[in-house]
Structures are given as structure tokens and as C-alpha cells.
Amino acid sequence: MTRRIAIAAIALSTAAALPALAETRTYDVSNFDGIDVSAGIEVIFETGTTKSVIVENKDGDFSDIIVESKGGELVLKRPRKMGWGRRRAPYTVTVGAPSLNSIEASSGSSVSGEGLSGPRASVEVSSGADVEIGGIDAETVIAQASSGASMEIAGTCTSIDADASSGATLDAGDLICERLTADVSSGASIEAHASQSVRADASSGGSVKAFGGASDVSAEKSSGGSVRVVS
């Protein structure tokens with residue numbers, strides 16, 4: 001009997017140590033070519049595939065997320081504010097789409113994935129959110145980061161318009177472009193790659209570092225801002 005109790009105790013402790021299987025729910029939404037996510041939701045996306053939106057939560061609680069397609073964007077957000085001290089349910093959303101051209105992340109959310117394309121691709125991150133995107137292929141890329149957010153993007157483009165402020169980090173050093181226009185302020189930083197021209201404005205402790213050895217350079221610096229162009 002003692003041996004059986006010991007074995008049962010070991011089995012129970014082992015089961016308790018194992019993570020619970022997360023539950024998922026699939027959402028049917030209309031077509032979209034952009035993603036707008038907020039409120040601490042995590043998004044993992046893939047392009048070049050059929051449209052799909054799958055939400056995962058370890059407790060099977062899907063009451064604290066709104067999933068909708070609005071104005072050509074997949075919108076992922078929370079439905080309401082929670083009382084003080086209450087923990088919000090964590091969500092991971094896996095998104096598939098034939099193509100995407102815009103990503104917007106805010107309020108501590110995160111986005112990672114491969115592939116933005118089109119004549120104009122835009123990435124916007126704010127309020128502590130984090131974005132990592134590879135495989136960008138666009139003529140023009142609009143990249144904006146603010147309020148302590150972080151962005152890392154890679155791929156190719158003809159021109160990039162980069163704007164960073166309020167302690168944000170915008171790393172586009174692996175986005176190989178011909179032309180860069182950069183505006184940075186308030187302790188933020190921008191790294192980018194431009195092989196032909198750089199137009200940069202840095203102020204209030206902001207910094208711009210442009211790789212690619214562009215020979216056509218115009219830089220304005222004030223209040224401790226810095227601009228460097230390197231090969």
C-alpha cells in the first residue's frame with residue numbers, strides 16, 4: 001500500500017509539473033492586407049498562404065479579445081478595461097495571409113513574421129510594443145517608432161522614410177535600400193541602410209546611423225542629436 005501511495009504521489013506531482021495544453025479558436029474574418037494589434041497581444045504572421053486567424057489561450061478563455069476585419073485591416077484588441085490588480089488573459093494569434101502591406105502595434109503588443117510587400121509598406125510601433133519583420137520587398141517603406149517601442153525590419157526597398165521619437169529604437173540596418181529619409185528625436189535611435197542618399201534630422205539626443213556608404217548626404221543636428229554615415 002505504501003508503495004502504491006508513493007507511486008501515485010509521484011504521478012500526481014509529475015502531472016502537476018506538466019504544462020496544460022493551450023486551447024485555440026479559429027476566427028472567420030473578411031479579407032485584410034494589414035494588421036493592427038494592441039493591449040499586449042502577441043501576433044505571429046506568415047504571408048504567401050491562405051487567410052487564417054487562430055487565437056491561442058492556455059485556459060481556453062477567449063472573452064478578453066476582439067478579432068475583426070475593419071477597413072482592410074485585421075484588428076486585434078481588448079474589449080474593455082480591467083479592474084486594478086486583475087491579470088489580463090494572454091493571447092497568441094497566428095495569422096496567415098496571401099500578402100500584407102502594413103503592421104501597426106501598440107501598448108505592449110508584439111508582432112513577428114516574414115513578408116510585407118507592395119508599392120508602399122508601412123510599419124508603426126508605439127507605447128512599448130515590439131516588432132520584428134523580415135522578408136520585406138517594397139518600393140517605399142514607412143517606418144515609425146515612438147514611446148519606448150522597438151522595431152527590427154529586414155528585406156529590400158527603394159526608399160525608406162524612418163521616424164523615431166521618445167526613446168524608441170528603430171533598427172532597419174538589414175533593410176537594404178537606396179534612399180533614406182530619417183527624423184529622430186528625444187533619445188530615440190535609427191539604424192538604416194542606404195546606398196545612394198541620406199536625408200537626416202536628429203535632435204534632442206536622437207541618433208541616426210546609416211550604413212551603405214551613401215555619398216549624397218544632408219544632415220541637420222541640434223540639441224545633442226547625431227548623424228553618422230558609414231560604409
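Placement of Cβ uses the backbone N, Cα and C atoms for every residue, glycine included.
Unlike curated entries, TrEMBL annotations are predicted automatically.
Copied over from TrEMBL, here are the features:
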- 106-118: compositional bias 'Low complexity' (COMPBIAS)
- 31-213: domain 'Putative auto-transporter adhesin head GIN' (DOMAIN)
- 104-123: region 'Disordered' (REGION)
- 198-231: region 'Disordered' (REGION)
- 1-22: signal peptide (SIGNAL)
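Taking Cβ pairs closer than 8 Å, the compositional bias 'Low complexity' (106-118) reaches residues 35, 37-48, 76, 95, 99-100, 125-139, 141, 149, 155 in its own chain, all 6 or more past its ends.
With DSSP states grouped into helix (H, G, I), strand (E, B) and coil, the region 'Disordered' (104-123) comes out at 0 helix, 14 strand, 6 coil.
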